[in-house]
Amino acid sequence: MEKFIIRGGKILEGKVDVSGAKNSALALMPATLLNDGINAIENTPEVNDIHTMIKLMTELGSNINFDKHRLTIDNSNVNNQVAPYELVKKMRASIYVLGPLLTRFGYAKVSMPGGCAWGPRPINLHLEAMKKLGAEIELELGYIIAKSKRLRGAKIHFDVPSVGATGNTLMAAALAKGSTLISNAATEPEIVSLAEYLTKMGAKINGIGTKMIEIEGVDTLSPADYYNIPDRIEAGTLLIAAGITGGNVTLCNVMPNHVDTILIKLEEAGFRLESNENEITLRSTGAIANVDVTTDVYPGFPTDMQAQWIALMSLANGTSTITDTIYPDRFNHVPELARLGANIEVVNNSAVVKGVGKLTGAKVMSTDLRASASLVLAGLAASGTTEILRIYHIDRGYQRIEEKLKTLGADIERVKTDEY
Ligand code: EPU
């Protein structure tokens, strides 16, 4: 096991590159299963969830090479349509193989993802969409078994604009017979990148980035190469790292329009923000103002930034309320932040954060990916030493975050430990 040791109080300064988006790459990779050739995805982050997807796709028969952020995926020998429990339980995004396998092979057997660290994360919308496209779905011994002859286009409305269900439906519909309409589709940048990639493969998609997506199914798709988008959540996390330490930092290789809402909220909190085509600079101006946020689907404030915002607000001049409408139970970071001196009360799906004058280092434990990011942020601002255990959670989605933070002047080390 490894842990982080952070000696807080260093002001972050300088420039840092943002990595490619994990949640985009996790959709782009299974999308390659729609063709039987060699595909390349550039700007893929070196994070553990990508390695889990590599293992899963290798199990299906893909031949994958991952070198310097470039994934080369050869799908000419895909011959297995079973996504086993051992891999799916590690990462819910494994459900993304369902649509491509079903539509290309007429069969997919995918383990049910089950709950996650912060509560239930259903997949009913994925399954209902596959049924609408003509699949027969059975649940057997913890597995989804989906079968069909060629899928047929259909009109599908999502009561909730789910990222994963939109992605799975896009991939399945791309090879279906006839046209599919997805109404109330997710509009997240990761879905836009998936739709653009499918288009490069030859898919016919209209309404990309809107809530109404139309897909005209084609008979085959060809291999294609794609340059992945930057990670907007890593960008937001690094901006807060700068702000929480009173620093001045420039992010490079970022798409400012993907983080507009985060930038607006940071400005309200008293930071100065400047952006150009692919850089964002944050400058601190003094005290942190208290700013409420409510998470929402894109372009709302992302649930994946909720924990980090709570860390920032725990040092604000006043009280703020942070409400999560996407995942009402996603507050595992709160008791750990309290160990550093934060004053937070969770009421239903809101955290009421009373800003405190200072945080003080302590030993804390990561419970999930974004919760660990919030602990790192709080540790950077806390006086004294913070130790963060179970950092395998952060390694799922942030590429060597300690190295990026060190580049900016943070005192953070990754060390081996027997502690769990
Ligand atoms: N939902 C349903 N039924 C479904 C699917 C979703 O009710 O069949 C509900 C969920 O319970 C939730 C809402 O719809 O309330 C949105 O969930 P969504 O399906 O959009 O989430 P996801 O596709 O499972 C992706 C990201 C998550 C991110 C969410 C929300 C990937 C691999 N994961 O998950 O990322 O929190 O969208 O933006 O893209 C993370 O990176 O830390 C992470 C958890």
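Cβ atoms are placed via backbone N, Cα and C, with glycine included.
In the structure as shown, the Cβ atom of Cys116 (active site, proton donor) sits within 10 Å of 14 other Cβ atoms. Residues or ranges marked as active site, proton donor in TrEMBL: Cys116.
The phosphoenolpyruvate binding site feature in TrEMBL is assigned to Lys22, Asn23. Sequence-distant contacts (6 or more apart, same chain, Cβ under 8 Å) of Lys22 (phosphoenolpyruvate binding site) comprise Pro45, Val47, Asp49, Ile50, Asp231, Ile233, Gly397.
Sequence annotations record features per position, and here TrEMBL assigns UDP-N-acetyl-alpha-D-glucosamine binding site to Arg92, Asp304, Ile326. Within its own chain, Ile326 (UDP-N-acetyl-alpha-D-glucosamine binding site) has Thr295, Asp296, Val297, Thr303 as residues 6 or more apart in sequence whose C-beta sits under 8 angstroms from its own.
The feature domain 'Enolpyruvate transferase' is assigned by TrEMBL to 7-405.
Feature annotation from TrEMBL assigns 2-(S-cysteinyl)pyruvic acid O-phosphothioketal to Cys116. A strand conformation is recorded for Cys116 (active site, proton donor) in the three-state DSSP classification.
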Q: Could you measure between Asn23 (phosphoenolpyruvate binding site) and Asp304 (UDP-N-acetyl-alpha-D-glucosamine binding site) for me? Cα positions, answer in whole angstrom.
A: 11
Q) Of all the Cα pairs drawn from Arg92, Asp304, Ile326, the residues the record ties to UDP-N-acetyl-alpha-D-glucosamine, which distance is largest, in Å? A) 16
Q: Identify all same-chain residues not among Arg92, Asp304, Ile326 whose C-beta atom falls within 8 angstroms of the centroid of the UDP-N-acetyl-alpha-D-glucosamine site's C-beta atoms; report them in sequence order.
A: Arg121, Val163, Thr303, Tyr327, Arg330
Q: For Ile326 (UDP-N-acetyl-alpha-D-glucosamine binding site), just give me the three-state DSSP call.
A: coil
Q: Might you list, by sequence position, any residue in that chain lying six or more from Arg92 (UDP-N-acetyl-alpha-D-glucosamine binding site) with a Cβ less than 8 Å away from its Cβ?
A: Pro113, Cys116, Arg121, Gly164
Q: Only counting partners 6 or more residues apart, tell me which same-chain residues put their Cβ under 8 Å from the Cβ of Asp304 (UDP-N-acetyl-alpha-D-glucosamine binding site).
A: Ile233, Arg370
